[in-house]
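Student: Pulled from TrEMBL, these are the listed features:
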- A:Lys200: active site (ACT_SITE)
- A:31-59, A:94-95, A:Asn99, A:Thr125, A:Lys275: NAD(+) binding site (BINDING)
- A:33-191: domain '6-phosphogluconate dehydrogenase NADP-binding' (DOMAIN)
- A:194-320: domain '3-hydroxyisobutyrate dehydrogenase-like NAD-binding' (DOMAIN)
Number of protein chains: 4
Amino acid sequence: MAAAVVRRGAAGWRRWHGRVMVCSRAMASKTPVGFIGLGNMGNPMAKNLVKHGYPVIAYDVFPEACKEFQDLGAQVTDSPADVAEKADRIITMLPSSPNAIEVYTGANGILKKVKKGSLLIDSSTIDPAVSKELAKAVEKMGAVFMDAPVSGGVGAARAGNLTFMVGGVEQEFDAAKELLTCMGSNVVYCGEVGTGQAAKICNNMLLAISMIGTAEAMNLGIRLGLDPKLLAKILNMSSGRCWSSDTYNPVPGVMEGVPSANNYQGGFGTTLMAKDLGLAQISATNTKTPVPLGSQAHQIYRMMCAKGYALKDFSAVFQFLREEETL
Amino acid sequence: MAAAVVRRGAAGWRRWHGRVMVCSRAMASKTPVGFIGLGNMGNPMAKNLVKHGYPVIAYDVFPEACKEFQDLGAQVTDSPADVAEKADRIITMLPSSPNAIEVYTGANGILKKVKKGSLLIDSSTIDPAVSKELAKAVEKMGAVFMDAPVSGGVGAARAGNLTFMVGGVEQEFDAAKELLTCMGSNVVYCGEVGTGQAAKICNNMLLAISMIGTAEAMNLGIRLGLDPKLLAKILNMSSGRCWSSDTYNPVPGVMEGVPSANNYQGGFGTTLMAKDLGLAQISATNTKTPVPLGSQAHQIYRMMCAKGYALKDFSAVFQFLREEETL
Amino acid sequence: MAAAVVRRGAAGWRRWHGRVMVCSRAMASKTPVGFIGLGNMGNPMAKNLVKHGYPVIAYDVFPEACKEFQDLGAQVTDSPADVAEKADRIITMLPSSPNAIEVYTGANGILKKVKKGSLLIDSSTIDPAVSKELAKAVEKMGAVFMDAPVSGGVGAARAGNLTFMVGGVEQEFDAAKELLTCMGSNVVYCGEVGTGQAAKICNNMLLAISMIGTAEAMNLGIRLGLDPKLLAKILNMSSGRCWSSDTYNPVPGVMEGVPSANNYQGGFGTTLMAKDLGLAQISATNTKTPVPLGSQAHQIYRMMCAKGYALKDFSAVFQFLREEETL
Amino acid sequence: MAAAVVRRGAAGWRRWHGRVMVCSRAMASKTPVGFIGLGNMGNPMAKNLVKHGYPVIAYDVFPEACKEFQDLGAQVTDSPADVAEKADRIITMLPSSPNAIEVYTGANGILKKVKKGSLLIDSSTIDPAVSKELAKAVEKMGAVFMDAPVSGGVGAARAGNLTFMVGGVEQEFDAAKELLTCMGSNVVYCGEVGTGQAAKICNNMLLAISMIGTAEAMNLGIRLGLDPKLLAKILNMSSGRCWSSDTYNPVPGVMEGVPSANNYQGGFGTTLMAKDLGLAQISATNTKTPVPLGSQAHQIYRMMCAKGYALKDFSAVFQFLREEETL
């Protein structure tokens, strides 16, 4: 607790207005923030921290990913342990559960040199059971762990309007929010450790199901003679309405400014959706929760990955289902 | 064509304001309208026609269903053929494809005595391929057929705010709309014959998929430690948002005024959803359209029907999936 | 009944040895047999009738399909009705339910000129509900209808060792068997009209499920480090054993003389399996029978058809699932 | 290697006849064998070791499970570590991956006191990835790990005719086989560590799929009018044939001596099948292998567990699907 007080001391006098914190860019006394994982998402996120005036201590397994940050004035280190030695607030953004385990508990992991009272925020999307394990290990060292996976892609990361779903001890939420609001416009407290991951996984599972459902319904309707735009309009004023039908319609020609209008370029890749559905599947298996459509959605995105759709936006499931039989 | 002109003559001088037609209740000269099928839905629909001043010629296979209409001043007949003899505008509201085929083409069916130029509107939810067959048979007799299935349940039928999705020749749409606006607040033209059915089937298939998906996501989230209300809120501000999550949430305690708040009483019965999904399945099979989640949704509602859920609202799939394992 | 007696008179003196009838090729007095539908399957079937000494009255919508039979001494006619005029035993072999309906009840259909007491055997694979409808229509004309779909492909048709699954009145079975044994080595009586179709549909649905299951299990095992031949051996001595694993293994290199050993050429085409699964789906929908894996198998074969697998053997589902993800 | 030589010294002079080893029951000099996990399966397995003259060193988390073995002359210990101190050959039979991890790597786990050259055989059914992890940890201590899950239930365990599927270094297989043949009639070498688990998981996944498929096909056939025994006979002589149809038919009245003939008592419980399918799912997710029917089978058995079928034999899926709709 004392640790929390000390840490929060740095941020204590700041004010909150509504959901969005006013980050005082001019503040000279900001303490350093560690950032581990400077990939497609981590790179723009860390840059936003820099923009908000935080001295960043950076690390990535690929040294070249750090170079850019060196130029921006960040301090580049040799290992997660080194980051932990130099910063008592660290954000991690890693591609998978094994990577997260390695970065936290590996031979040169954060826990080797983490300071008491440190705040460790993991924004990776991983198995919530792993988040809980990491939290236990972190807690044993007298530090605090929160899971804070993001919603929104590279564009939102650049624009600083990601959504963070945060799990962990509630009294530490404000301290986490101070940093996260520099990178996102929405920071939602979800409950104890792991619930951030849970919220993200559940949302993406429902998203995948609705998207495939929208693709099936649009495709069937078109084959039955309906005009796609008219069908989308009917669905959107009826009980079939969903984000996939009214905001991100998968049928080319129905909406503008969405991946389906651009040959399914950009957006949220099929391979990433398959990964999140795999996490949902593992969580469901571990909790003995039946997810008949969620597991089928997982299989469909898995098959799409093997049929050349891995890097296309996940709304390309329309195209996948649309293909005509040929003899 | 001449027939259409004659028929439209009766309605020609009326005015349209936006989408909703002003039905002139005082009009003395309204010609009779036939109504076949006075069940749960047909009964309040036909009553709304009576309320709007239309002389109704009624028929139902169960004579007792007609009695009430006799008291309301409607003329009750002995067969669909008799209805066709006495009215040149007929609405049919029947439970299934075979019933519709019988009522139109059976030994005492409408087509035995249909007058040239008659307008036959089928509001049953049936296989669009059957609608097309009926349309052909009707056309051969010099009459016009439109499919106009409804969205909205018994409550909406009583209140006169059903949605009609209408398929058929476009120049006949206004004539159909004159009658349908007496029973519904939304009358949407969908395209050629069968597209009304297609629109309804596609919407309900997507609805079923989204509902099961919502139930799965909510159930998984709860088992992973999330508060249901909070999870619903997160989904509804994210890409998982759908009508089933934001308007008709299947989890008891999340919303008021929906079937999940009332032990899944009322609403849209699981057995009816299973029927509509069966139609979607048949249409998909006939058009060789892959509907992997639609077919799985069909199977789930089919299993629920056999597990005691037939008459519960279709959002009870949450309860079905939620049950805990017991040894 | 008299008709049956008369007809059976021709075959009455013959003997049965076990399941296979001794067809008396030398018999001079054989009465003509009609054959409608001379496609991939019908062609070799009809030829086997000719070989067994039956005068064949032939018809096909494509006149060129009949030419070969003219050369063989068969009489070629202009319509199904003409066949019915000239033969009181007719076999039909058609691609789908609508074709069968047309050939029996169409403007120039069999029923226009069918003689009382005729025996009409439909070897098409169609919806059992359609078989029942046809049987009723045939019965009204005083004739007998049996459904007798086949198992076995073009090779078995040529070799005369198809399996026939026969539904219809039991006392007519022997008369049907007289003809069917000329074309198949196995003629099984299944029960009332429609049960022949039912047996075939159920077998093929289980076959499709087992084949996909075998492909999934083999693929997963291989990815987990097992040798395919060893895994097949283990499955085949264990409870996973099935026809698809021990007789028709879908993994190249495991068995010889099966389509998987020959780039999935020959065998039973994916598009045909998709068709049979569509029939199973329709029967299941109509009888409200849950078939969760059967419906999923249908969807998988449907998707394969659209991905270039339509003409490959249905065991190519292994290849379909095996493809690796590529970025 | 030296360790292996020493250990094999004890068994070296014995002979192998075909697949089944002649266990020399009279041998006085047998060295002790540890056995950890004396549950439903472990109990009869360990007894068979005792019967074959092996001094058994026993441990179970539930002390009462050990009492019986004390009476049989086995030495009961306080922890897995104690077993490892007293025996250089240990068999473990545990309910799940976490249990196995605890028994091997926990605070009082085997690895705390394992002797160099020890042979550790894990007969639990667990995630093959966990088997590989355990193997690595064991190897670091200079000992040998093999995974050897079993096929066959409690009855087979009692009768000593289980099937063992063994993964691990090939030159250690004979040493493992010496022990395993005392408990099973079939000991199959599958390949490197983890392939024993892989073989079991793949077999059971295919089994589950075939069983559900058989139940669907039988149920559909019955509803379409086929006699169940006749349908089973037709399937078994056709391409739908599988172990579930010809050896373990799920339809009451079709076969004798199977769980379906005894209200689905005994056999292989639905909850155990659900567990194995969960492992298959996790393996498939980790290797990015599409298993559309395997994942659906998992969901179906998961739902059955929540509907009161957890302890019934897994062939009860017929009963689950068979239930009629009731209004």
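Cβ atoms here come from the backbone N, Cα and C positions, even for glycine.
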Student: Run through the domain '3-hydroxyisobutyrate dehydrogenase-like NAD-binding' (A:194-320) and tell me, per DSSP, how many residues are helix, strand and coil.
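Tutor: Per DSSP, the residues of the domain '3-hydroxyisobutyrate dehydrogenase-like NAD-binding' (A:194-320) fall into 88 helix, 3 strand, 36 coil.
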Student: In whole Å, how far does the CA atom of A:Val56 (NAD(+) binding site) lie from that of A:Lys200 (active site)?
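Tutor: Roughly 27 Å, rounded to the nearest whole number.
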Student: Grab the pLDDT values for the domain '6-phosphogluconate dehydrogenase NADP-binding' (A:33-191) and give me their mean, rounded.
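Tutor: A mean pLDDT of 96 is what the predicted model shows over the domain '6-phosphogluconate dehydrogenase NADP-binding' (A:33-191).
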Student: Quick one: pull the CA-CA distance for A:Lys200 (active site) versus A:Met41 (NAD(+) binding site), whole Å only.
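Tutor: Rounded to the nearest whole number, the Cα-Cα distance is 16 Å.
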Student: Specify the count of other C-beta atoms within 10 Å of the C-beta of A:Met41 (NAD(+) binding site).
Tutor: 24
Student: Of these binding-site residues, A:Ile36, A:Ala46, A:Val56, which scores lowest on Cβ atoms within 10 Å?
Tutor: A:Val56
Student: Tell me the Cβ neighbour count for A:Lys200 (active site), meaning other Cβ atoms within 10 Å of its Cβ, over all protein chains shown.
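Tutor: Total other Cβ atoms inside 10 Å, all chains included: 29.
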Student: Among all protein chains shown, how many Cβ atoms are found within 10 Å of the Cβ of A:Pro95 (NAD(+) binding site), not counting that one?
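Tutor: Counting Cβ neighbours of A:Pro95 (NAD(+) binding site) within 10 Å gives 17.
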